[in-house]
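Novice: Take this structure first; my questions come after.
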Amino acid sequence: MGNCGTREENAVVAAHAQVQQLHLLQHPVKNAVVERKHTRISSDMSDPSTPRKIEDAKNISIYNDVIDFTLFELETITKSFRADYVLGEGGFGTVYKGYIDENVRVGLKSLPVAVKVLNKDGHQGHREWLTEVRFLGQLRHPNLVKLIGYCCEDDHRLLVYEFMFRGSLENHLFRRTATPLPWATRMSIALGAAKGLACLHNAERPIIYRDFKTSNILLDSDYTAKLSDFGLAKAGPEGDETHVSTRVMGTYGYAAPEYVMTGHLTARSDVYSFGVVLLELLTGRKSIDKSRPSREHSLVDWALPKLNDKRRLLQIIDPKLEGQYSVRAAHKACSLAYYCLSQNPKARPLMSDVVP
Ligand SMILES: Nc1ncnc2c1ncn2[C@@H]1O[C@H](COP(=O)(O)OP(=O)(O)OP(=O)(O)O)[C@@H](O)[C@H]1O
Ligand SMILES: [Mg+2]
């Protein structure tokens with residue numbers, strides 16, 4: 001068993017030596033140009049460590065600058081949730097565009113917003129809504145979507161976010177009609193998302209995000225990446241604990257293998273998911289794509305052997321980039337993805353190693 005320990009330590013040292021900080025990978029490009037759904041993982045419906053009671057919602061008033069909207073106000077700004085105001089749809093429900101200003105409530109700053117409405121028949125519910133309000137309501141960071149407010153009236157549950165002008169990274173990477181994102185933009189998105197994760201992991205009481213994927217990375221007008229969707233976030237282990245035991249939740253293709261197998265959740269599970277998203281940015285391929293030949297269904301299985309092979313590594317880079325990247329930067333980014341995707345969680349870098 002002694003050997004095991006030694007191998008593990010070596011792997012950690014090697015990973016840290018190889019970690020290439022993402023900000024160094026953005027610029028070496030000469031001529032930059034600027035369907036769904038995922039399968040959700042949910043092992044059972046009860047999780048004693050997340051809030052249970054409707055009354056818990058009362059505690060959210062401690063977050064001073066998060067606004068408690070009335071249903072009427074949110075109906076007004078979305079024209080009664082009109083179909084042409086729909087921005088998208090996810091597991092929680094439908095997301096609408098809206099605009100708040102003095103006409104909605106005296107004292108409100110003029111601001112475009114996104115209003116997410118809990119689908120009462122959906123598989124997510126009050127618990128996820130409350131988790132989102134609790135975590136996102138107290139976090140402020142340039143790479144986390146700002147929660148402007150919420151609504152909790154009868155059995156209605158809504159969330160109001162800052163509006164993200166360019167929508168999700170998923171749409172930019174995978175929508176057929178989208179203009180291919182240039183290399184520098186992809187690396188800057190990876191860096192922004194990594195900073196968002198690092199902020200959560202380094203919080204006084206660390207937070208594990210648990211649902212890191214391209215549809216939860218939203219892009220501002222200048223392509224600044226921000227994490228959204230904190231419904232599955234979890235407080236990290238405390239004291240001597242090495243992990244949090246929890247029902248397995250997340251999205252197939254992104255969840256770390258040891259977490260899916262054991263339900264043991266650590267910040268390194270998020271690092272694995274970061275590796276998957278980095279791989280999607282590098283290859284332009286989805287984490288799971290059943291429309292490809294069977295040996296290419298799983299992006300990680302297909303790409304991993306090539307990531308560590310300098311002769312084959314350029315074969316996996318997104319052909320839509322048309323060679324508009326430096327080979328050195330591609331090597332470094334692939335090396336980072338390789339270490340983030342280590343089977344051994346301890347061999348993965350920390351998010352704080354990845355960001356400057
Ligand atoms: N703050 C926002 N600003 C602009 N568009 C948004 C915002 N939040 C969500 N959207 C749009 O709504 C879509 C649905 O988002 P939502 O988070 O509900 O689902 P999802 O991430 O696609 O799926 P999942 O339920 O698996 O998280 C997003 O893909 C995005 O296009
Ligand atoms: Mg989402």
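In case you wondered, yes, glycine gets a Cβ from its N, Cα and C as well.
Curation plays no part in TrEMBL annotations; they are all automatic predictions.
Worth saying up front: this structure is predicted, and the values here are computed from it rather than measured.
I grabbed these lines from TrEMBL:
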- Lys116: ATP binding site (BINDING)
- 81-356: domain 'Protein kinase' (DOMAIN)
Novice: Around the residue listed as 'ATP binding site', which residues of its chain at least 6 apart sit with Cβ under 8 Å of its Cβ?
Specialist: Gly90, Phe92, Gly93, Thr94, Val95, Tyr96, Leu158, Leu159, Val160, Tyr161
Novice: Taking every residue in the domain 'Protein kinase' (81-356), what is their average pLDDT?
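Specialist: Mean pLDDT across the domain 'Protein kinase' (81-356) comes out at 92.
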Novice: Under DSSP, is Lys116 (ATP binding site) part of a helix or a strand, or is it coil?
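Specialist: In three-state terms, Lys116 (ATP binding site) counts as strand.
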